[in-house]
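Asks: According to Swiss-Prot, the protein carries these features:
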type: DNA_BIND; residues: 17-21; note: DNA-binding region
type: COMPBIAS; residues: 1-14; note: compositional bias 'Gly residues'
type: MOD_RES; residues: 6; note: N6-acetyl-N6-methyllysine
type: MOD_RES; residues: 13; note: N6-acetyl-N6-methyllysine
type: REGION; residues: 1-20; note: region 'Disordered'
């Protein structure tokens, strides 16, 4: 055993994957009912059919900006994993302070 504790197999310690799944159309995973639930939480009663695609586009841009900033913090710290604090700092930098995740 090479110092891996009781796990034995050493899962997650392998090399690069041979076949990486191509990521496309994942934005469609934000379903119509999910957008409807978010709108309901915001106090919306009736929703136009054009809203769903528009919401997906806005959400995609927002997440791209937050993730870009969070990854920048992670790379600066020279660590391989994006932490919750990286995301908190990225949101704070964009003027959207988030409480409850440390710091």
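Positions of Cβ are set from backbone N, Cα and C atoms, glycine also.
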Asks: Please spell out the DSSP helix, strand and coil residue counts for the DNA-binding region (17-21).
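Replies: Split into helix, strand and coil, the DNA-binding region (17-21) gives 0 helix, 0 strand, 5 coil.
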Asks: What mean pLDDT score does the DNA-binding region (17-21) have in the model?
Replies: 76
